[in-house]
Each structure stands twice: as C-alpha cells, then as structure tokens.
Amino acid sequence: MPHRKIQLKLIASHLLFALIVTSMPSLLAVFRLEFGLGVFQSSVLPMAITVPVMIANLFVGFLIAHIGQKAVLLSSLVLEITGLILVSLAPGFAMVLIGFSLVGLATGAAFTALTTVYSELPEKYQDFGLYHAFFGVAGILSPIIISFWLEAGLGYRSLFGVYAGLFVLLMAALSTSRSISNQKFREFAITDMVKVAGSPLMLLGVSVFALYAAVEIGGSTWSVSAGISIFSLSSRTANLLLSAFWLVFTLMRFGTDAAARRVGALNLVRGCLLLAVVSLIVWIVGLTPYAFVLLGAALGPVFPAFQKHMNGLLPRQQRGLFNGLSYLATGVASTVFIPLMGGIGEQSLAYAYIPLVVCGVAMVLVVTAIRRHTASS
C-alpha cells in the first residue's frame, strides 16, 4: 500500500539520521584522546551539532511551506553526506567541527521534514511511538557499533565513511520515489508564522520539548562519563548501560500509542515524567547505576505521545512550523545544558544531573497548564 511504503521510508530515514546523532556520547572520549581535550572542551563537539540544528529549525518551517517537504529532505541529505565526509577525512579538529556543523544543519531540516510528512499520513499509519522508537533503535545500535568498530582497530574515520555511503544510498532511493510528494503551503506567510509562533498553545508546547531535551540529551550525553565517575564502571560497562537505556527507551515507545489511547496522552506524559524525576534522584545519590535504565523507560513515551497530541491540535499548515520550533527548542536546550552539565561536571558529574530534576518537575507543571488551556478553549 502507498501509505505503508511512505511510513517505512520515513522510519528508515529517521533511523539513519538518528544513528549519527546518537553516536556522539560514545565518541566523546575518542575525540578527547584524539585532540587532547578536557571534559568541558569536549562539550563543543555536541554543540557543533545542536547549534546548527537550532539554526536549521528556525527557518525550516518556512522552507517546507515554500519549496516543499521533499525538496527540504533531499537538500538535508546533501548536507549530511558532505558533513560526514569532512569528519572522515578531517586532518584537524577545526574541520571535524565544520563537518559536524553540516551534520547538525542536515539533521534539523530532515527531522522536521520527516515529522511533518509523517503527521499527514492517515491516522492508521500515524504511529508516533513506532516512528520515534527507531531513534531508540539507533541509540541501541550506535554504542554497540562504535564499541566493536574501535575494538577492531578500524577507527572512527572509516566508520563515518561507511555512514556517508549509506546516506548516498538513501538519497538515491528517496530522490527516485514518487510516493513522497513535495507538499507546499505558499499561502502561509512569514507574518502568519510569527503570529502563530507567539500563541499560548504553541509556546507551552515548545517549552515542553525544550525541557525534555535537557533531560534526554543532556542525561544521555554525559551518561558514560557519569557512570565511570559515580559508580566506578569500566568504559565498556558504561557504554553497555547506555545501550540498555536506549533499549528500554525504545521498547516503551513501541507501546506508546496504545497506552495513550487507554489513559490519555497527557496523563501518560505526566506519569512518565514523575517516574523520570525519581530515577534521576536515585542516579544522583548513587544508589544504583540501573536507575539510568529506569530513566530510559520513563522518557521513552514522552516525546512521541506529546508530539502526536500537539500535532493533532494544530491545522496542517501550522504543523511544519510547530515541528520546526519543537526541534529548535531541543537544540536550544542542548546548547545550554550540555556545556552547563560539563561545567558542573568538572567538580562532580553527579551534581551535573541536578538541573535535570528541575526540568522534569517543570515539565509536569507545563503539561498540566496545557491540559487546562485546551479544556478552556
């Protein structure tokens, strides 16, 4: 069926982009050794991705409306391939940063375009839990791939070269496909976008994604280093713990849509957030490293359940803007919290997770406010 083919192509594309993004936590130690960086200095690397993601998401809603979803997606693939080749061949740290910056621009544009196309599928195929589960699949695979790749003595450069080749194949498949249309909304002007972006519902929704990103991206980025510091784990064990985080994170997402239909999307989100706060507190005080796995289970359903709920509340022409702003918010939060945690981590990586507890509590309050706003409108 055409819609099933579109769904599978979007999921495959999402998986491959996510595979690159989720590689960063496991590669931070590699880049620190390669270029002689400190903990705080190495935080520049994930920022080299997240800042361009933020820039791309600032404009991608307008680009989708005016040049089309497929055009934006194919352009993002060109940027991704170029960035990966630069990282693979880079003779120095500066070129690595440039390469990751292009990867960030590509990721920001691609995630928004993919999500917007996915939100326009018939309800039967709008399984956001399944769609976002493959981000978790990438999180499971990337540390394992990197661990075995490096142990085999192949080095990160050849790995990024292989990734570039996979994106070339993806681009060839998508560019020749007629199942994904180049949908445009030219009547949606910049002035309309500014007005919509400032609406209470849009601002509340976007703020949840910002706070969520602080917890998920900040927490996972420093998890390997924190596991070694707080619990004296070996590097291999800490990476396996990160894989376990992504495993339960992913498994929970597969059941997200069914759970949301049973208890309500916002009820599901609030319950998961409360469990995430408890898990973070247990991790911080050092009771057990497996609290990080419980955190993965708690965070898994939050993003897909909330994103589907919000897309369902908005008209079609506003979804690209909302999805762009949502991913922009995750980039802003990552830009702030990754170096913030790195700075605190210079003293104690356990204390670096305290701001994430505050973010979790704040999300519960904002989701409650959204429920009241939609009930009264």
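Using N, Cα and C of the backbone, Cβ positions are placed for all residues, glycine too.
Just so you know, TrEMBL annotations are computer predictions that nobody has curated.
These features come from TrEMBL:
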type	residues	note
DOMAIN	6-375	domain 'Major facilitator superfamily (MFS) profile'
TRANSMEM	45-64	transmembrane segment
TRANSMEM	71-90	transmembrane segment
TRANSMEM	96-118	transmembrane segment
TRANSMEM	130-150	transmembrane segment
TRANSMEM	156-175	transmembrane segment
TRANSMEM	196-215	transmembrane segment
TRANSMEM	227-251	transmembrane segment
TRANSMEM	263-284	transmembrane segment
TRANSMEM	290-306	transmembrane segment
TRANSMEM	327-344	transmembrane segment
TRANSMEM	350-370	transmembrane segment
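Recorded stretches compared: 196-215, 290-306, 327-344, 350-370; the one with the most Cβ pairs under 8 Å to the transmembrane segment (227-251) is 290-306. Note: the stretches the transmembrane segment (263-284) and the transmembrane segment (350-370) are in contact (3+ CB pairs below 8 A, sequence gap of 6 or more). Between the transmembrane segment (196-215) and the transmembrane segment (327-344), the number of CB pairs under 8 angstroms, six or more residues apart, is three or more, so the stretches are in contact. Highlighted: of the candidate stretches 130-150, 156-175, 327-344, 350-370, 130-150 has the greatest count of Cβ pairs under 8 Å to the transmembrane segment (290-306). Averaged across the domain 'Major facilitator superfamily (MFS) profile' (6-375), pLDDT for the predicted model comes to 85.
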